[in-house]
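This report refers to the structure that appears directly beneath it.
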Amino acid sequence: MSIEAPASSPRHRRRALAACATLFLLLGAGSTTAGAASVDSSSHSSLLPGDPLQSKQWYLSWQDRPGSPSTGKGASVGVIDTGIDASHPDLAAAYDSASSRSFLSGGSCDGDTACDDPAHDGFGHGTSVAGIIAAAADGHGTVGAAPGTRIVSLKAGDRTGTLSADAVSQAIRYGADAHLSVLVMSFTVDPWFRYCDNAPADTAEQRAQQKADLEKVTSALKYAADHGVVLVAAAGNESYDLDHGTSDPYSSGWSGQGERPVTDQCVTMPAQSDDVITVGAITKAGNRTGYSNVGAAIDIVAFGGEPPLAGPGGAVAQGPESGILTTASAGRLRELGALNDDGSPRTDEVLSDCPSGGGSCRYYWYQIGTSFAAPQVAAAAAELRSRGVPAGDVKKQLTTSATPIACPSEKQALACEPITGGGNTWYGAGALRLPR
């Protein structure tokens, strides 16, 4: 998940479940144009006039009343991620410090004193996921899809973006025991992209590790589902066929030469768990993004954004506005060199909202990936839970109300196949639409 990943490394690209739009451009994320749905992503006329950046949040068009402060009220979302910068003014009111926890071991912190603080996000990913869900409707910056929701940081990822099976499984079980309404998981469990029991080149030790890790995560997910938690997971950004893939160039646990050979019996977690709602990504036009993984596990899709594109002669064909604008950690932006000495942004991909009477600036950046489609579905799930919809009925309501998107008529590099019971392997049941 590291945004410092070199573009030439597919193993690091696997870890880039979310990155700023420029770096996704370097990683070669494109978009397909076949099979587009009629999905309305126009600017909203009903947005709260006091939230100045809401006009750039085109991705909330699946809501009837975007920006309503009451949306999600009474529900709670656990963000299993790299922490949440609770000092961000758009997140401070929603952040539940009493319930938040870190599940990182001492070894993963390596002297980082803030590593085990769930209110600190050295990687920046969890802060952005949280903002899509619950940024405050307070007349400043952006607004979350469910700003009335209580946000709980379940820190399982370190400052490199690594999320181990131990930390993830502990976070899931804690979320269930804390009676959270929803858990959102915008990552793939490290160190394996594909968890296998029969990959031909794996050693006995590697197979044993995968089996143990898979059992930890699978049992934790089942535990949470059985305890009434709605589980939402990102499909992943490798442009990979989760049903038919026979090679795995992304697993950091693999020590062999070349691409790791795998079989179609292997799984990616948590995306291929039967207990989660798995979310793929579509563009503003309603097409599958070029990076979104495909497979029968895809339940639904939401807007994931696209990277900037250069046109002829160096002209800008598509700016950063095609990405998902969300909250950014000021500390992370400074670490990346994205801010000038006076605090102003150095790039068009970072926006600020600074009070005229002094005080701290709020920062936002454009992101792309299934990591940012998943929290939209988590917000919709939180809203349904706040209406009293039982956890066991949330998935059905979301998939039933989704806008269907057909497979493209032309043959594609990644096959789009119908799924028994409806939908297809590119779009699942279709594009997110909040049930009325």
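Glycine is treated like the rest: Cβ placed from N, Cα and C.
Computed from a predicted structure; not experimentally measured.
TrEMBL annotations:
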ACT_SITE  D81  active site, charge relay system
ACT_SITE  H125  active site, charge relay system
ACT_SITE  S371  active site, charge relay system
DOMAIN    72-387  domain 'Peptidase S8/S53'
SIGNAL    1-36  signal peptide
In whole Å, how far is D81 (active site, charge relay system) from H125 (active site, charge relay system) when you measure between their Cα atoms? 7
Going along the chain, which residues six or more apart from D81 (active site, charge relay system) have their CB under 8 A from its CB? D121, H125, G126, V129, A130, S153, L154, K155, A156, G157, L163, V184, S186, F187
Need one number: mean pLDDT over the domain 'Peptidase S8/S53' (72-387). 94
